[in-house]
Amino acid sequence: MEFRFNVNEIFKQPIVQVGHTLIPQGFKGDRRALWDTLSKVTDIVNAMGSASATAQGLTKPITSADRLRNSENQNLYLLIEPNACNGKGAVTGLLKTGQKGLYVFDRDGHHYHVQAPCILDFYVHESRQRTGFGKTLFEHMLQKETVHPEKLAIDRPSDKFLGFLKKHYSLVDPIKQMNNYVVYDGFFPSVKEMEATNNNSNSPNKNMRGANGLQAQIVTSPYGRYGAPRPACSMGQIIHNQSSAVAAQEPTGESQETPQHQPQQDEAKALEAPPLHPKLDRPQTLSLQTSTDEGMNNIKNDVRHEVEEVEETLKIEVVPKIVDELDKLHISREKEAGEHSSDTPQKKATPSHLTDQGFFDLKFYHNKLW
């Protein structure tokens, strides 16, 4: 990729390593030259990152000057072609590496926590592909990082990159991870490496760190507060009718060996020994008949007899008197009504729906008929 300024004035070597400071190796100059160099390096990194994203079909570049400036554990290798562009030089390739903490799985499904070097971006200009520039840049990176190709984790490799690894390093059948990284079988430590790591470790409870920064997870017994016996659950004892004096058997951090005949002796003792707390009988409050219920029944019977006696007394003495008084009152009212009717002339009865003059009574129709 060509630029309007002279690339050879900034990069003095065919392959240049740039870190988070964006200052190329071997730079010499004053503050003004430093700012000018930083500005030009920023333009180169952004332009190469955009070209790499376009070639891989990404929506946004994964390599930029801002990202590189904010990442201290990443290195950027730029491949320079000094004789291009009439002696001004051009940038032909880009390779970015960095340390990443990843969780990976091998073919057998074993889980590893890895802190290993990763290939984050790799791009060679389309006009310089299949000419050996990519292999030159990749070999330089392997020498600088002192790592083997199979020990690298690759972030979202393209088909061209996978073909490149297959052609030059015989890496086939990659293992794709859930985090979009790709590793190979040589990435994971072998059995000999794991045994050597286990023999060299001092403490068996620590995670064994194998080759390539891999940590093999070793299952150990719990310790500290996690290994202490748990208290018995009182609610569980109540439900299952168990004694609170019997301690619950919980797994602890220390493994205890017992002889083979011990379980049989324990079972025999358990059968011979009586239970510490026998099952309680049914409480008296739940019985069908108690002394309290008998007393209540007696009181109810006494009250019933008294009520019956009062009813008989009312029927014999009070009720006849009330009937006589009502009869006398009815007779006196009939006499008064007869005398009043004899004094006043009788009027002809009119229907209820007519007035005294014989007209229809509208109020009658306003009354509800039901």
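Glycine is treated like the rest: Cβ placed from N, Cα and C.
According to TrEMBL, the protein has these features:
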{"type": "DOMAIN", "residues": "1-188", "note": "domain 'N-acetyltransferase'"}
{"type": "SITE", "residues": "Gln56", "note": "site 'Crucial for catalytic activity'"}
{"type": "BINDING", "residues": "122-135, 158-167", "note": "acetyl-CoA binding site"}
{"type": "REGION", "residues": "242-298", "note": "region 'Disordered'"}
{"type": "COMPBIAS", "residues": "242-263", "note": "compositional bias 'Polar residues'"}
{"type": "COMPBIAS", "residues": "284-298", "note": "compositional bias 'Polar residues'"}
{"type": "REGION", "residues": "334-354", "note": "region 'Disordered'"}
{"type": "COMPBIAS", "residues": "334-346", "note": "compositional bias 'Basic and acidic residues'"}
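Long-range Cβ contacts of Leu165 (acetyl-CoA binding site) within its own chain (separation 6+, distance under 8 Å): Pro149, Pro157, Leu171.
Averaged across the domain 'N-acetyltransferase' (1-188), pLDDT in this predicted model comes to 91.
Thr131 (acetyl-CoA binding site) is surrounded by 11 other CB atoms, counting those within 10 A of its CB over all protein chains shown. A Cα-Cα distance of 12 Å separates His125 (acetyl-CoA binding site) from Gln56 (site 'Crucial for catalytic activity'). Of all the binding-site residues listed (His125, Arg128), Arg128 has the fewest other CB atoms within 10 A of its CB. Listed in sequence order, the residues of the same chain lying 6 or more apart from Leu162 (acetyl-CoA binding site) and placing their CB within less than 8 Å of its CB are Pro174, Val182.
The Cβ of Gly134 (acetyl-CoA binding site) has 23 other Cβ atoms within 10 Å, all protein chains considered. The recorded positions considered are Gln56, Phe122, Asp159; of these, Asp159 has the fewest other C-beta atoms within 10 angstroms of its C-beta.
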